[in-house]
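Swiss-Prot has this to say about the protein:
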ACT_SITE  Glu97  active site, proton acceptor
DOMAIN    103-337  domain 'Radical SAM core'
DISULFID  Cys110-Cys342  disulfide bond
BINDING   Cys117, Cys121, Cys124  [4Fe-4S] cluster binding site
BINDING   Gly164, Glu165, Ser194, Ser223, Leu224, His225, Asn299  S-adenosyl-L-methionine binding site
ACT_SITE  Cys342  active site, S-methylcysteine intermediate
Amino acid sequence: MISTAQSKTLLGLGASELERWAVSQGQSAFRGRQLHDWLYAKGACDLQDITVLPKAWRASLQDKGVIIGRLKEQDRKVAGDATTKLLLGTDDGETLETVGIPTDQRLTVCVSSQVGCPMACRFCATGKGGLQRSLYTHEIVAQVLSVREVMERRPSHVVFMGMGEPLLNIEAVLDAIRCLNDDLGIGQRRITVSTVGVPRTLPRLAELAMERLGRAQFTLAVSLHAPNQSLREELIPTAHAYPYDALLDDCRHYLAITGRRVSFEYILLGGLNDHPAHAEELADRVGGFQSHVNLIAYNPIEEEEFQRPTRDRIEGFRRVLESRGVAVSLRASRGLDQDAACGQLRRSRQK
C-alpha cells in the first residue's frame, strides 16, 4: 500500500487495492477495475481523462486532491542510436532522469530510485550533486509509463541503474517491482536491481523480497568496479564502511536466502583498474560465485579526467576473466552522445 504521505496518489496501487479504495469512496469495486485499466493499460495522466468514471465522482476526487501521480516531462534528448533520455519533474519540483534503450527485440527502461545519490562514486555524474530525497513507488512506476508513452512501445525490461542507490530505498523499489510485474506485466526475471553496496542491506533485501513478492526472481547486480578494497575506496568513497570480504559474504547470504545468483559489474577506467593483473585479482575474488561479470567501459563526465580504456585493454581484461572460467560480457555504451549512458545521468537539464 502507498505511504500515508502519498495516500492521495493512485499510481502504484494494484487491482485489488484499487477495488478496495473505490469501495471506500462509495463506489463499486468495478470502478476500481476501470481505474486499473486506465492507469496501466491506457496510461491516463489525469483523472479527468478517465471519462468512463462518473463526472461527479471525478469532480469530487479533484476537490479532495486525489491524483494519478504521473511525472511531467521537462526535456527530451534522443541519441543517434535512438536511446531516449527524459528529464521528468515531480509534484514537489524535483527533477530526475530516466532512459529508454531500444533494440529490435526489446525496450529497456533505466529507472532512477532517488533524486540524486549520496554514494558519490567518482566516475558517476549523479553523485556530484548529492542526494535530495528518495523516490516514491509511483514516481518509479511513472518513469516506465513515460518511456512507454514517448517511445510508443511496450517496455520489456527494467533496470534500476539510473540515479540513486536502490538499497537506500528498498521498500519503494520492491513495491515498484511488484507493480511492474503484476500491473504492467514485466516479468521479474526481466528486472535488474543494481547496487554499489550498503552495509547490512543485502540480507534485508532478500528477506523483504521473499516476504513482499513471494519470491525474488529479479537479478541483483553488485557494482564492484575494483578488484581490491584500497582501489575500491579510491573510486567509491562510501566503500570504506563496507569491506570487500563483507560485501561478498553478504552476496553469498543473498544467494542462500533467494536461490538467485548475484551478477557483478565492473567499470573499466583506462590506466587505473583495467590491467590484466586487476583481472586476475578480480577472478580470484568472484570465481567461486559461478556468476556473471558485466564489464562497462567508462563514459566521460565533465568533472573527472578519467580515461575510457582502449579496445585492446578491454579485450585483454575480458580474455583474462574468460581464461579463469568467469562468464563475462561487455555492456554497449548506449546514448553516449546525449549523456544518457551509464554514469552520466543528472538532476537538471544539461546544455
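Just so it is clear, glycine is given a Cβ too, placed from its N, Cα and C backbone atoms.
In this structure the C-alpha atoms belonging to Ser194 (S-adenosyl-L-methionine binding site) and Cys117 ([4Fe-4S] cluster binding site) are separated by 13 Å. For the recorded positions Cys110, Cys117, Cys121, a Cα-Cα cutoff of 10 angstroms around Gly164 (S-adenosyl-L-methionine binding site) retains Cys117.
In the shown protein chains, 22 other C-beta atoms lie within 10 A of the C-beta of Ser194 (S-adenosyl-L-methionine binding site). The Cα atom of Cys124 ([4Fe-4S] cluster binding site) lies nearest to that of Asn299, taking the recorded positions Glu97, Glu165, Ser223, Asn299 as the candidates. Look at Ser223 (S-adenosyl-L-methionine binding site): DSSP puts it in a strand. Comparing the Cα of Cys117 ([4Fe-4S] cluster binding site) with the Cα of every entry in Glu97, Cys110, Ser223, Asn299, these being the recorded positions, the smallest distance points to Glu97. Per the record's binding annotation for S-adenosyl-L-methionine, residues Gly164, Glu165, Ser194, Ser223, Leu224, His225, Asn299 show a top Cα-Cα distance of 19 Å. DSSP assigns Glu97 (active site, proton acceptor) to a strand segment in the three-state reduction. Counting only same-chain residues at least 6 apart in sequence, those with a Cβ under 8 Å from the Cβ of Cys110 (disulfide bond) are Thr98, Val99, Gly100, Ile101, Val159, Met161, Gly162.
Counting only the Cα atoms, the space from Asn299 (S-adenosyl-L-methionine binding site) to Cys121 ([4Fe-4S] cluster binding site) is about 13 angstrom. The Cβ of Glu165 has fewer other Cβ atoms within 10 Å than any other of the recorded positions Glu97, Glu165. Confidence over the domain 'Radical SAM core' (103-337), given as mean pLDDT on the 0 to 100 scale, stands at 95.
Note: the Cα of Glu97 (active site, proton acceptor) and the Cα of His225 (S-adenosyl-L-methionine binding site) are spaced 23 Å from each other. The CA atom of Glu165 (S-adenosyl-L-methionine binding site) is located 11 Å away from the CA atom of Cys121 ([4Fe-4S] cluster binding site). Note: the CA-CA distance between His225 (S-adenosyl-L-methionine binding site) and Cys121 ([4Fe-4S] cluster binding site) rounds to 10 Å.
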